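Here TrEMBL flags 1-95 as domain 'HIG1'. Per TrEMBL, the feature transmembrane segment maps to 30-48, 68-86.
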Amino acid sequence: MSSGQESVFSEYETDTSQTSKLLRKFKETPFVPIGMAGFVMVVGYGLYRLKHRGNMKMSLHLIHMRVAAQGFVVGAITCGVMYSMFREYVLKPKE
């Protein structure tokens with residue numbers, strides 16, 4: 001292969017790496033990583049509280065944690081959609 005083709009392939013591999021795709025998506029939609037981080041925090045807190053739940057039934061504890069995690073993710077998605085709509089319709093200059 002010629003050196004010109006090698007540089008094209010290396011640019012393609014660099015631009016489409018998983019890390020660059022993930023960073024680009026995080027810049028486009030900043031509430032996705034917030035939702036993911038919140039979900040992880042709720043699950044971590046739930047696992048911590050699992051040890052100290054007292055006489056609460058396991059199924060009730062798991063239902064509460066599931067609802068909290070889903071609520072955080074749905075809230076982050078809602079905020080992200082509202083942010084995208086605000087950016088698209090309010091901040092975008094009219095053509």
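For all residues, glycine too, the Cβ spot is worked out from N, Cα and C.
Nobody curates TrEMBL annotations by hand; they come from automatic prediction.
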**OP:** Kindly state the mean pLDDT of the domain 'HIG1' (1-95) in the predicted structure.
**Re:** 78
**OP:** Could you give me the DSSP helix, strand and coil counts for the domain 'HIG1' (1-95)?
**Re:** 77 helix, 0 strand, 18 coil
